[in-house]
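These notes are about the structure you will find just below.
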Amino acid sequence: MSLRAIEWDEHKETLKLLDQRVLPHQSNWIECLNEEDVAAAIAAMVVRGAPAIGLTAAYGILLAAIQAVKNHEALWPRLKRAEKMLIAARPTAVHLQFTLEEMLKGAEQLEDSDKTISYLLSKVRKIEQEDSLSNRNIGAHGANWLQKRRGKQPLVLLTHCNTGALATADFGTALGIIRTLQERGSISNVFVDETRPYLQGARLTAYELEAENIPYTLITDSMAAAAMRLKKVDAVIVGADRIASNGDTANKIGTYSLAVLAKAHQIPFCVAAPLATFDWSLPSGEKIPIEERPAEEMVIWNKTPIAPQNARVWNPAFDVTPFEWISAIFTEEGVIESIADLERLHQRNTPSITM
Ligand SMILES: CSC[C@H]1O[C@H](OP(=O)(O)O)[C@H](O)[C@@H]1O
């Protein structure tokens, strides 16, 4: 079982989150008592990673229901207020919206009772189990695709940000493929982009790979091109926060440049994402909301300013990679390599398996 960052305490009926802002050198857990605590933890990136914040928000709805029952409050209005608060915590990852919709589906008729609590808890558990299963299926489809194209030789991969157990219910998406290849003895090395400014790569991905003895080499984001040219990178593999219906993909800032670099070096650029990442309401990536984070997160490191105090800063947390730059999208139900695959997925909500 890989690392877990989200734990439900059944006795205290509280949510515990591993504070990812202080990993890898400190292992602090933060306890959430209500939906406000959960929204604040998501906004502050205590917990981060598209599927992980979706799951955490689902627990936020459960906590709101528990508080409503305890205080004999009207349940539905509290759940609707909680939904509004949680969806506003971070705008880009579509999982937040989908898990909240899932949690509130059918909840309007619920009376404020313990029965409601166990009903909502079973829903959260289902979201958690589905994410975990999806990640293992993504792992298999992605590993099969990469091995099919690169033969049985162990692979040299490059990844960006963190898409592992810390970003999901467990196991990970792009990192789930890396874990699957490791289980098959097919990883030679993983180049890990540090991923400025939040350093998800250096602090979180390196932490996960180190814990499981998966061979990796940490690089700065600006080294990715040289690594592709000089270090025989076989493929780039990243996660996703929101995918539009034409395949345009929003992911951590720096992803788009990796896609351009991969094309220039004739290296496959692959995205790993569960079906919950697809936002069919968007015809293309232009309309994906891109979160901008506080300037301090970019110009202050360890309480030390690394830029002039009045420096003007642009700090988008994500960028959008047009589908034309993407070789394959690995989902739990198969591989998407073309617009036709996307259209079939959209019609049937399951992609054509092109394995
Ligand atoms: C499993 S996908 C995780 C996805 O979320 C990350 O963003 P953040 O750390 O800001 O939540 C990054 O875009 C990853 O690809």
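Backbone N, Cα and C atoms are what each Cβ position is placed from, and that goes for glycine too.
Here TrEMBL has Arg48, Gly49, Ala50, Gln200, Asn251, Lys252 binding substrate, and the candidate from Arg78, Arg81, Arg90 in that same listed site is Arg90. Each of the binding-site residues Arg48, Arg90 was scored by how many other Cβ atoms lie within 10 Å of its Cβ, and the smallest score goes to Arg90. Between the alpha carbons (Cα) of Asp241 (active site, proton donor) and Gln200 (substrate binding site) lies a span of roughly 15 Å.
Packing around Cys161 (site 'Transition state stabilizer') is summarised by its Cβ count: 29 other Cβ atoms lie within 10 angstroms of its Cβ, all protein chains included. Asn251 (substrate binding site) falls within a strand when secondary structure is assigned with DSSP.
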